[in-house]
Ligand code: PEP
């Protein structure tokens, strides 16, 4: 089994019910895409989005490690499932920086996601200072080792490589830099997991219609996690098309 191709959108803290019209447009423009498509709207929109998403999968942007309890403001993985989600982003760099999430916490959240039946989209990525210091491969190796639980499989886990300095900045690594990290991730996953060669590896960080095809041509890039350009169907649609054609 080859890794499945996935175009994933992360709406972050953007959008109200009116934004769901973008899903209708995507469905109309891409009735049969040649890749999997996932949108992760804010938690308030997961249920309504799932009700109209057709072939587009809907995911959350975070979940708690516990199944229930006194955790004000948090969301359990089973609650996302109940709302219609099939995926959840775990360990996004904004969660790591805004909420101080550690690899250990992220692995625990991934376990919770798996137990609830969700696919965990686990994010890793170096800061600009770490890249400048030549630490990128060590940082990614450590994050992968620490954030992926033992029960991870190609069916329940997707990895997104998102350099922190490329998110929302309009800056992207060179193709060689992306290729180097993705080759490392594939090797690490194959070393550790029986089906590590089949885990989908996404690139994320300022993916746009104009650079998507070039990025999708890089070895071991099986798709993208897209922030800003996933908010509008007119931007996300061409990215879906580029991945379908890759
Ligand atoms: C992201 O938030 O995961 C992301 C990649 O954002 P952007 O595409 O806006 O850089």
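Cβ coordinates are placed from backbone N, Cα and C, and glycine is handled just like the others.
No curator has checked TrEMBL annotations; they are predicted automatically.
According to TrEMBL, the features are:
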- 92: active site, electrophile (ACT_SITE)
- 162: active site, proton acceptor (ACT_SITE)
- 10, 11, 12, 168, 206, 227, 228: substrate binding site (BINDING)
Fill in: Cα distance (Å, whole number) from the residue listed as 'active site, electrophile' to residue 12 (substrate binding site)
10
Item to complete: Specify the count of other C-beta atoms within 10 Å of the C-beta of residue 227 (substrate binding site).
Response: 22
Worksheet entry | Assigned element (helix, strand, coil) containing residue 228 (substrate binding site), judged by DSSP | helix
Worksheet item: Quick one: Cα separation, residue 168 (substrate binding site) versus residue 92 (active site, electrophile), in Å?
Response: 13
Worksheet, complete the sentence: What remains of the binding-site residues 11, 168, 227, 228 after requiring a CB under 6 angstroms from ligand 1 is 168, 227, 228
Worksheet item: Relative to the Cβ position of residue 228 (substrate binding site), how many further Cβ atoms are located within 10 Å?
Response: 19
